[in-house]
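Features reported for this protein in Swiss-Prot:
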- 4-162: domain 'Obg' (DOMAIN)
- 163-336: domain 'OBG-type G' (DOMAIN)
- 169-176, 194-198, 218-221, 288-291, 317-319: GTP binding site (BINDING)
- Ser176, Thr196: Mg(2+) binding site (BINDING)
- 361-439: domain 'OCT' (DOMAIN)
Amino acid sequence: MERIEFIDVVDIYVKAGDGGNGAVTFRREKYIPFGGPDGGDGGDGGYVFLVADTTLSTLYHLTEKKKYFAENAQNGRSRKQNGKNGADLVLRVPVGTIVKDYDTGEIIADLDEPGKYCCVARGGKGGRGNTHFKSSTNQAPKFAEQGAKGEEKHIQLELKLLADVGLIGYPNVGKSSIISKISNARPKIANYPFTTLVPNLGVVSINGTPETSFVVADIPGLIKGASEGKGLGNVFLKHVERCSVIVHVIDVSGSEGRDPIQDYFDIRKELEFFSKDLAKKRELIVGNKSDLLTPEEINAVKDRFLKEIGEGILLISAVTGQGINELKYAMWDIIKESKKMYVGTIDITKIEFEKPSPVRLVLPDRVDIKILKNDKGEFIVESEYIKSYLEKYKMEAKFMLEDVLDILQKNGLDEKLKKAGAKDGDTVWVEGVDFIFKE
């Protein structure tokens, strides 16, 4: 039978930092009131990285907000001072997380090893200050480059959950109710095409931090004969193999007409039939529905488990909440011990992230020119290239008219104006600035 995977899915938006703008400044010193350009460059925007961290078991910590931003860079300053780069944003995810582009479904990365990382959004390149644009024909450039915008992306994170705790027991013993009491979140679970039976998972947090969160799974389908393939027992038993703790949930009230001790032995038998290693896992015996027992009956149940099984039983009530906190901490104590045995733990604060090239402002490949005519008989020049050019150098056309006209004329502006019917003395507009056409 097909093996079932528990898939946790989280969708988030990430935005890298914008590059800082280059500065337009000039030296202002004693005896040099009108010195040359000294504008510094803008810094580069921060990047967004995802890194696989062995201390995490779930994606729950990334559900607290939907949007994540790296820091924008600072602008350049006078005296050729460059702006500070924006801080990178590093998001930690569990080992085994698959990163996808939400819109296309394309896999960006499979973070299947501790410390493995990927860049999901590049920061913008900082703009150059006016110092870079001094030339023999322009000793005092009054323009500089604009910083590029950082990348933004909608990504989907998928994690094949490895449940830390498996709740096993007969149907109707209250496993789902226990999960609803102890857990803070319900992961978004993938659909199973061959069954309407959906595994019930919960994320438990001890003190609200990702490092103290763990996954609890209700393993359904466990009935007598499960190890022989009855129901879906053997499929879900495969998942229990990966748990750190097995919690036997038993109905101590006897409301289903079964004996609690016999229930325990039946489930243990199924585990041993399926896998000897599985039967050796750390276990907790939990007696649910204890609120239906009298104090005398509670003492009798405890004594009987100690005498006949040799282990104590933790009595709880998923209805009243009695013993729930004690159960959470008992599970966490065992999980902590198992996590100490993990190998390959990496200090992600010491990782030196390799960065791809930042996003740069790029001008269109060609100079496009479109001529329109308004109601006054004036000609309007439209050009995406010129718009991009002015954005790149954060200047209004009136301050760069000579440069703009030079670019346009080299690409056939005069011929296009004549073809559109322009004559000597007509008014022509380019990005809000007018000039007189001369043949």
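Just so it is clear, glycine is given a Cβ too, placed from its N, Cα and C backbone atoms.
Feature map: annotations from Swiss-Prot on the structure.
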residue: Asn172; record: GTP binding site; Cβ contacts under 8 Å, 6 or more apart: Asp251, Glu256
residue: Lys175; record: GTP binding site; Cβ contacts under 8 Å, 6 or more apart: Leu167, Ile168, Gly169, Asn200, Asp218, Ile219, Val249
residue: Ser176; record: Mg(2+) binding site; Cβ contacts under 8 Å, 6 or more apart: Asn200, Asp218
residue: Lys289; record: GTP binding site; Cβ contacts under 8 Å, 6 or more apart: Val173, Gly174, Asp251, Val252, Ser253, Ser255, Ser317, Ala318, Val319
Review point. What count of other C-beta atoms do you get within 10 angstroms of the C-beta of Gly169 (GTP binding site), across all chains shown?
Key: 23
Review point. By DSSP, how many residues in the domain 'OCT' (361-439) are helix, how many strand, and how many coil?
Key: 29 helix, 16 strand, 34 coil
Check your understanding: Around Ser317 (GTP binding site), how many other CB atoms lie within 10 A of its CB?
Key -> 22
Point to revise | Mean of the pLDDT scores, which run from 0 to 100, over the domain 'Obg' (4-162) | key: 90
**Study point:** Local backbone state of Ser176 (Mg(2+) binding site), from DSSP in three classes
**Key:** helix
